[in-house]
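Noted in Swiss-Prot for the protein shown:
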BINDING   Thr68, Val69, Gly70, Gly71, Thr72, Gly73, Lys74, Thr75  ATP binding site
Amino acid sequence: MSAAGGLLARLETRVTREWQRRSAFAWALTPFACAFGLCAALRRTAYARGWKQAVDVGVPVVVVGNVTVGGTGKTPTVIALVDALRAAGFTPGVVSRGYGANVKTPTAVTPASRAGAAGDEPLLIARRTGAPVWVCPDRVAAAQALRAAHPDVDVIVSDDGLQHYRLARTVELVVFDHRLGGNGFLLPAGPLREPLSRHRDATLVNDPYSGALPPWPDTYSLALTPGAAWHLDQPTLRRPLSQFANERVLAAAGIGAPERFFATLRAAGLAPATRALPDHYAFADNPFVDDAVDAILITEKDAVKLGASWRDARLWVVPVEAALDPRLIALVVEKLRGRSPA
């Protein structure tokens, strides 16, 4: 990893730590947070009052998003939700912004797409679910293009986009991890994009450290469970995580909350060395060349960015499955069958 990449990763870690407490750093930024909150409130009000019109794309929309900055487990939640909706008789499609990709117009994502042209999360969703996936910074345009290409799709899941109010939605699901709302301040003084009091249909909390849920209405536990690791060069070759226990292991993650990935591996009985990479790390070169380890465990989100040129036999990919509460699935299905987009 380059010096700039290492500096960025350390900066992300430092800011995230500061956002967990009401430090002098956070208080100094509260005037900017107030300005940010005012702008966000005006934008919400414009759509709530009808001054700006949300666009109904013709089918129900479920938005899976967050009110905080950083990774909370949205992507595995979207994958699990698509599978659950399909099991309930729906034909789901997925739209996403395509963060990190050079996308300006609606673009279809297939399992054969490149991460640079699709975005790492949309590509992972396409590969894991087989559902139609379209990306565009304008999610309305992405949804309309998806429907035109796949008229059988009867529900759209939006990967993120909670603040993309122009896209009318039927259900809003907000995902938190163990950090919840951090220090409770809005950006840039804290991690919140919107107040914790923001309306949503349900809240999911992914907390590997505690089984307790916050006292919020319609709140459900979100369990993320690692599966057997698969070899990057030979995907059919799989090993239970327990088999790595007596090896020199490096865990690396270029995701929004790398420590959560490391905690998952520790909970599985491993004691790896760890390396936090910047979120959406591009892997322009191999940052592991000088690491004297037997195995390197990475996330699925990082794996989709590594092409055939990566010939490091030490690389293993750890898949993660999200277990959704059956009551949450029932709530979503009921709302989809009983309400139109608004």
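Cβ coordinates come from backbone N, Cα and C, glycine included.
Predicted, not measured: the structure shown is a model, and the values here were computed from it.
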Around the Cβ of Thr75 (ATP binding site), the count of other Cβ atoms that are within 10 Å: 27
CB contacts for Lys74 (ATP binding site) [other CB atoms within 10 A, all chains]: 24
Site of maximum Cβ density within 10 Å, from binding-site residues Gly70, Gly71, Gly73: Gly73
Under 8 Å by Cβ from Thr72 (ATP binding site), counting only residues of that chain that are 6 or more apart: Asn66, Val175, Phe176, Asp177, Asn206, Gly256, Ala257
C-beta crowding around Val69 (ATP binding site), within 10 angstroms: 19
Sequence-distant neighbours of Thr68 (ATP binding site) in its chain (C-beta under 8 A, six or more apart): Phe176, Arg179, Gly181, Gly182, Pro191, Leu192, Arg193
Structural state of Thr68 (ATP binding site), classified by DSSP into three states: strand
